[in-house]
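According to TrEMBL, the protein carries these features:
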| type | residues | note |
| --- | --- | --- |
| TRANSMEM | 20-48 | transmembrane segment |
| TRANSMEM | 68-88 | transmembrane segment |
| TRANSMEM | 164-187 | transmembrane segment |
| TRANSMEM | 199-218 | transmembrane segment |
| TRANSMEM | 238-264 | transmembrane segment |
| TRANSMEM | 276-294 | transmembrane segment |
| TRANSMEM | 314-335 | transmembrane segment |
| TRANSMEM | 342-363 | transmembrane segment |
| TRANSMEM | 369-394 | transmembrane segment |
| TRANSMEM | 401-422 | transmembrane segment |
Amino acid sequence: MAFFSDTEDELGARNGRGDFFVFSLLPLLTRSAVTGVLAGAVVTLFSLLLELASELSLEAAAAARGNAWLSVAVVVVAAALGLAAAFWTKLFPEGRGSGVPSSEALARGETEGVWHRLCLSTLVGTALSFFAGVPVGAEGPAVQLGAGIGAGMENETFRRPRPVVSAGIAAGITGAFAAPLAGVLFAVEETHRRFDSKICAAACMAAFYAFSVRRLLGGALGMDEVYFGSGAAELPGGYVWAAIAAGAVAALAAAAFSRAILLTDRLSKPGRLPRALTLPLLFGLSAVFLLFYPEVAGSGKSMIMSAAAGGGDALSALLAGAVKFVLVCLVFGVAPTGGMMVPMLAVGAALGEAFGALLAFAGLPQECIPALSMITMCAFLGSGMCAPLTALALFAETTALFESIPCAVAAVAVSAAVGRLLGRRPLYDALWERSEERRLKAENLSRPAAGR
């Protein structure tokens, strides 16, 4: 039987509510639950592997630092990993880039995908990127893994939308950040941009089981319960003016970031330079940063943790944020396997740390700067993705700064309003539309002219 081929009202009118529950809702929730368990386990173990890969690359760079021959060897090995990544993504083009835009399109029924190719390409490609210290995040691959597992559990290929794939996306975000509410909102607000009862139910079911697996498995393996740690001082409501100002600054910075990413996308047209050249160059450059500026290497989680701990100076934070900004744009143009969300958060955290140091002259206490940097970080992400609710949930669940939520609401609301005034479009949607335009243009060029 083909489930979901009729609407809920049609099924209810034709077969009664009992048949709708047995033949539509129950299979959906069952598939979503299994997707949540599988995606939660895979993403949790994969995240641990990527953390170990990052630590290994940092230790190798630290051991080689100060020795010219060892430093050259580190760069050469990283370039070799880049060459391997180029050949891998040629075999599995599904592994190119973040994976979030294509996963969202898969969930909306706008594209097709073979689930085992999605998962395999993501697993190997992301591991290569992390071992070389390439500045990419784990959340994009987590979304693609969840979407791939959901596609494997889905019983219809061409449905629009595909709720079990959406459930897999929610499970992927949940497993990556240990943030179930952010996972549900990402699936509803960011992926579909509308509320659908089936999608919401599927996402909630998958997020619940993914979070349960993440807590049990992650706890046994010693992973952090709060992704970015906790313990920073809260931002009291009396300093909401600082949060409002930070939200406006975050929106302006997010607009500049989105423009830079789209410009990079326009300049890096396929075929301009072979990936067998660009990926080894990028991986080698990442190794150079590992050796000489490790603070900005890798996903950026260490930058965020440093901003959350406080104690840094404004100039160092501003420099690190600017370098990370450029690196993320460069990485996006080359498109290795890896996510863009955590690097975006790192840029926002550095911006918040520098802006907080500036506001200290206006009376903001020094101990409140870490909380403000976390608020700015999520306002920056929410404005860039045009997903303020997801950003708020991510702030609460990854920082545990619950008393700062009112200030975070103010900052994210201001960043969303300013972004709307600036005419911002969701970054992932714009990137997907451009990739589809290129694909269609390539198909039209490859077709022989009619009548010849």
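Here the Cβ of each residue, glycine as well, is placed from N, Cα and C on the backbone.
Note: the stretches the transmembrane segment (369-394) and the transmembrane segment (276-294) are not in contact (fewer than 3 CB pairs below 8 A, sequence gap of 6 or more).
Listed by sequence, the residues of this chain that lie at least six past the ends of the transmembrane segment (401-422) yet keep a Cβ under 8 A from its Cβ atoms are 230, 232, 234-237, 239-240, 242-244, 246-248, 250-252, 254-255, 371, 374-376, 378-380, 382-383, 386, 388, 391-392, 395. Recorded stretches compared: 68-88, 199-218, 276-294, 314-335; the one with the most Cβ pairs under 8 Å to the transmembrane segment (238-264) is 314-335. Sequence-distant contacts of the transmembrane segment (199-218), counting only residues of its own chain at least 6 positions beyond either end whose CB sits under 8 Å from a CB of the stretch, comprise 25, 28-29, 31-33, 35-37, 39-41, 43-45, 48, 146, 150, 161, 163-164, 166-172, 174-175, 178, 180-181, 183-184, 187-188, 192, 224-225.
When the stretches 68-88, 164-187, 342-363 are ranked by Cβ pairs under 8 Å to the transmembrane segment (276-294), first place goes to 68-88.
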